[in-house]
Every structure is written in structure tokens, then in C-alpha cells.
């Protein structure tokens with residue numbers, strides 16, 4: 001008798017054999033029918049946007065099984081250029097009503113196939129309406145491939161008249177929206193009608209599964225064929241309140257290549273000259289963006305304009321030259337964001353919610369995108385949640401100021417992106433808040449070591465032998481510097497007393513004059529005493545400068561005598577004991593003698 005464990009293993013193996021293989025369409029899935037399909041092909045820009053409103057019916061046909069999913073197919077000619085595929089239930093207005101889509105395979109059939117999971121299984125005889133949105137890049141080909149500056153741009157698009165599907169279609173219509181009314185040619189299947197820039201095909205009846213019939217249109221399209229060939233988006237997160245974003249962008253005009261020379265004169269004079277070229281475009285930045293900069297290889301580009309709106313910041317980017325077909329340019333845009341709008345935490349758990357790619361220009365196409373998210377030093381247990389598939393490279397380390405073991409860098413790649421990819425990714429990580437003190441402590445430690453080193457250095461004697469003469473010269477120089485300072489201070493006392501005398505002559509207030517005299521005597525005595533002390537120190541050091549200081553002291557005594565004499569003369573003038581003419585003559589003589597003495601003192605100071 002077999003053990004219960006063996007029986008359980010056998011049962012699990014049987015169930016695994018009966019289950020459908022992941023990534024392949026189940027052969028047991030009930031057949032469905034496209035009861036009605038309304039296709040809209042928007043070719044008004046450089047993208048091909050195809051929207052199909054499909055009414056799916058579960059015909060039953062003796063089958064009682066319910067359909068929990070259905071299969072979408074893409075033509076082999078367009079599958080490699082698919083940028084976005086989205087499926088929604090028609091009529092539902094919820095923001096997140098996209099159905100789950102997974103790529104699958106069907107044996108014996110070319111093209112790409114996707115399994116779409118229905119929110120509610122479809123019973124036999126019931127129906128459901130879905131909206132399928134697809135966006136294709138680089139499927140509008142310029143024809144001719146080269147044009148002159150004055151010519152208009154024409155493009156060719158090739159697709160399928162029919163809704164390519166693994167299910168039969170009962171009725172189908174197709175509406176094609178073009179960029180202009182100027183149409184060179186288009187296929188005439190089913191006698192389509194044309195109105196201005198719109199072509200209407202159908203209705204087509206009873207279309208078998210996997211039906212293909214080439215649809216081709218050749219028309220004028222002067223919309224900007226602007227492509228981001230390569231873009232690197234760097235997001236640097238700081239727990240000190242800031243998130244820095246920088247985008248390195250390589251742009252190329254992928255329309256018809258310019259043939260012949262470029263005339264800026266004609267370009268400025270004629271409005272329709274270079275009609276398919278690109279003068280400028282607008283980039284929408286987050287509303288909280290600040291410290292915005294825009295530069296290229298040369299430097300800052302001053303032709304850009306910034307407009308702050310309620311819900312965004314609009315930046316007009318104008319390259320240094322207009323972009324014609326085949327022309328390229330490179331630029332860098334950067335800005336700062338407050339972290340409280342994008343960074344959330346609960347204890348040591350952090351979550352960064354930011355856009356994987358942001359708006360660069362309307363109808364944008366990005367061939368290759370690299371996103372680098374620089375987290376704070378010490379971030380661990382990093383997990384990334386993305387709304388769509390992205391490729392991850394091994395994490396890197398980034399070193400900047402005060403880093404010790406490096407900041408972790410998440411590196412992610414994706415190709416062929418459009419506006420529908422402007423969605424948020426969430427980065428989860430853990431971070432010990434104690435590490436926020438690391439950088440301030442490093443700064444404190446660095447200054448402490450610097451000051452301690454300087455203190456030790458100035459106290460060390462690195463000379464091999466001592467030089468008494470050099471030390472004596474240094475002492476004399478130090479004393480001389482102090483003497484110069486004191487002499488200048490003493491001369492300043494005289495100037496201040498002169499101002500006091502002038503005020504006395506105007507106000508006739510004798511108390512002002514007496515107070516000035518007393519202040520002069522007190523401060524002059526103190527300064528002169530200090531100079532005498534320094535003079536004795538010079539004599540002790542054996543310097544001949546001692547005699548010059550002594551001579552300067554004698555000259556200063558004469559200057560002081562003249563200053564006090566001038567005050568006495570002013571006193572007599574105010575008292576009416578001296579005529580004004582006599583006073584002015586005496587004052588002139590006194591000033592001349594005083595100036596001569598001060599000049600001699602200055603010469604001695606220069607000699608010191």
C-alpha cells in the first residue's frame with residue numbers, strides 16, 4: 001500500500017501536466033468572435049496611434065466553458081515598433097481600469113500575441129466591449145527621404161486594412177486621421193470615402209482570423225519628427241530635504257534629411273521656409289521644481305523661457321539652431337524638488353515615488369532611456385516596483401562629498417518609450433536615521449583635526465640650529481610695529497582735539513574745550529608712556545632704532561605744544577581778546593610749523 005505522501009505527489013504531478021504552459025495560449029480556451037470592430041488610426045503626428053473598439057462575443061456553440069481571457073495579435077510588420085499596448089473596458093471612467101496584459105505565443109503563427117485577462121469571465125452567449133490602444137514609433141517613413149529647405153515633408157505609412165486578430169470579425173470599420181489634406185495616394189480597398197484629412201474604410205464583413213491586406217497612404221506631414229535617441233535621467237535623493245534631478249538628452253530630427261545648404265536669411269524671412277524644422281519645444285516640469293537650469297556643451301543657453309503655472313512649470317527649450325532632418329543636438333536640464341512631496345517614511349522604512357520618465361515634449365519618443373536613482377549612503381534592502389517591465393543593471397556606488405563607503409545607485413534601462421510611459425515607480429529601502437549624523441560629525445572631526453594640527457605645528461621648532469640674531473631681528477620688528485601703531489594713535493588724538501577746538505569756536509561752550517583738553521592730556525600721557533616702555537625695550541635689544549624713537553618723542557612734544565597753543569589762541573578769539581585777522585595769521589604760522597614737524601615724524605616712521 002502506497003504512503004499518503006506518495007499519493008499526494010502523484011496528484012500534484014497530474015495537475016501540473018494538465019495545467020496550460022505559461023506564456024502560451026491554452027488550446028482549451030473557448031473560441032470568441034469579434035462582433036464589431038471600430039478602428040481609428042491617428043497619423044497626425046510622427047507616431048501611429050491605433051485605437052480599436054472591439055465587441056467580443058462568446059458564441060457558445062455547444063461549449064459551456066466560460067472565457068476568462070482573450071488573445072490580442074499584432075501584425076508581423078509592426079510588432080517590432082510597438083511602444084505601448086493598453087486594454088480597457090469601454091465605458092468605465094476609473095483611472096486605473098487597465099486590464100492585465102501578458103505576452104504569449106501561438107504555434108504556427110507569426111507576430112506578437114498577448115493574453116488579456118477579463119475582470120469577469122464571459123459566459124456563453126454574452127458579450128463585452130473593450131478598447132485596445134496601441135502606439136507605434138518610427139513607422140512613418142519620409143518619402144522622399146531628402147528635401148530642400150523650401151520643400152514640404154511627405155511620409156508613407158503601411159499597415160493593415162483589417163483588425164489583425166486570432167478571432168473572426170463580423171463587421172469592421174477603419175477611420176484614418178492624417179496630418180493634412182494634401183494626400184498623394186492611398187489604397188482604395190472597399191471604395192473608401194475622404195473628407196478633408198480623414199479617410200473612412202468599411203464596413204468590412206465576415207473577416208477571417210489573421211486576415212491581412214496592406215493599407216498604404218502617402219501624405220504631407222510637417223509635424224515635428226523629434227526623437228530622443230538617448231537620455232540619461234539621474235535622480236539624487238537627500239534626506240536633508242532635497243531631490244536633485246538632471247536629464248542628459250540627445251535629440252535628433254528623424255524626418256526627411258535636409259538636402260542642400262541652409263539659409264538663415266530665407267528661414268527668417270519666409271514663414272514656410274523649413275516648415276518641418278523644429279525651432280523650439282516645451283517641457284513640462286513638476287510644479288515644485290526650482291533652481292532650473294538648461295545648458296549644452298558650450299554653456300548656459302539663455303534663449304529658454306520659464307513659466308510657472310498652478311500645477312506645473314512650463315519650460316520653453318530653444319536650441320541654438322533650428323533642427324532639420326538628420327540634425328542632432330545635446331542638452332542638459334536640471335532642477336531641484338522638495339523631498340517631502342516624493343519621499344515617504346515609517347520608522348526606518350522609506351518609499352520614493354517618482355516618475356520613471358517625465359515629459360520632455362509633446363508626442364515624445366525615447367529610443368533609449370537610462371535612469372539612475374542615487375539613494376542616501378547607508379540605504380539597504382532596496383526594492384523597485386515598476387508599472388511596466390524595465391531592465392535592471394547591477395547596482396553601482398556613487399561617491400560625493402563626505403561619503404565613506406558610497407551611495408547605492410539603482411540603474412534601470414528601457415527602450416522605445418512614449419508619453420504613456422510617464423508613470424510613477426516606487427523604490428522601497430531601509431535607512432537607519434542615526435546615519436544622518438555621519439556627515440555633520442565628519443565635518444566636526446575634520447575641523448577638530450585641522451585645528452589640533454595647526455596648534456601642534458605652531459609650537460614645534462623645525463629649525464636645525466637656533467639663530468639668536470634672527471630672533472633678535474624678529475623681536476625688534478615686533479616692537480617697531482607696536483611703536484608705529486601707537487604713534488599713529490597719538491597723531492589721531494591731535495586731529496580729534498582739532499575737531500573739538502572747531503566745535504568750541506562755533507558753540508562758544510568752554511566746557512567742551514576743557515573736556516577735550518583733559519581727554520587729550522590723559523590719553524596722550526598713556527600713549528607716550530607706552531612708547532617710552534617700547535623705547536627702553538629697543539635699547540635693551542641693542543637696536544639703533546632707539547635713538548630714532550627718542551628723536552620722534554622730542555618732535556611730538558613740540559607738536560603737542562603747538563596744538564595746545566592753538567587752543568589758547570582760539571580761547572582768546574572767542575573771549576574777544578584777539579582780533580580775527582591776527583588769529584588767522586597766527587593759526588597759519590602754527591599750522592605750517594606743525595605740518596613740518598609731522599612730516600619729520602612721518603620720515604622717521606618710514607625709516608623704522
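In case you wondered, yes, glycine gets a Cβ from its N, Cα and C as well.
Given the ranges 423-440, 441-458, 459-476, the record in Swiss-Prot names 441-458 as transmembrane segment. When you go through 90, 517, 539 in Swiss-Prot, the residue listed as N6-acetyllysine is 539. Noted from Swiss-Prot: of 221, 300, the annotation N-linked glycosylation site belongs to 300. The average pLDDT computed for the topological domain 'Lumenal' (26-440) is 91. Under DSSP, residue 539 (SUMO2 cross-link) is assigned to a helix (H, G or I) in the three-state scheme.
In terms of local Cβ density within 10 Å, 539 ranks first among the recorded positions 300, 539.
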